[in-house]
């Protein structure tokens, strides 16, 4: 008998250009909605700069400083 366990992750939502999803000048619920859209359970606008989400599926791409491509034209 097997069991499938999906590890859920947290982190900054990432745009197609590799940058963090900005929440500057957005309404308070913006990040929570964006996190919900990718099947995250909760999220908020971190320091009024970028959307941070909790409990997202492993398939969601998140921003990572080690692989950051923001502003590099990729």
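Think of each number as a place in line: the chain as shown, counted from 1.
Yeah, the Cβs are placed from backbone N, Cα and C, and that goes for glycine too.
The feature signal peptide is assigned by Swiss-Prot to 1-8. As annotated by Swiss-Prot, domain 'LCN-type CS-alpha/beta' applies to 9-71. The disulfide bond feature in Swiss-Prot is assigned to 19-70, 23-45, 31-51, 35-53; the stated evidence is sequence analysis. Marked as arginine amide by Swiss-Prot: 72.
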Judged by the number of other CB atoms within 10 angstroms, which among 19, 35 is the least packed of the disulfide-bonded residues?
19
Which one is closest to residue 35 (disulfide bond) in space, judged by CA to CA distance, out of the disulfide-bonded residues 23, 45, 51, 70?
51
Spatially, which candidate from the disulfide-bonded residues 19, 23, 45 is nearest to residue 72 (arginine amide), comparing Cα atoms?
19
Taken over the domain 'LCN-type CS-alpha/beta' (9-71), the model's mean pLDDT:
95
Going by C-alpha positions, which of the disulfide-bonded residues (31, 45, 51, 53) is nearest residue 70 (disulfide bond)?
51
Translate the DSSP assignment of residue 53 (disulfide bond) into the three-state scheme.
strand
Other than its own, how many Cβ atoms are within 10 Å of the Cβ belonging to residue 70 (disulfide bond)?
13
Residue 53 (disulfide bond) to residue 23 (disulfide bond) - Cα separation in whole Å:
12
Which same-chain residues, if any, lie at least 6 apart from residue 31 (disulfide bond) yet have Cβ under 8 Å of it:
13, 21, 23, 43, 44, 45, 51, 52, 53
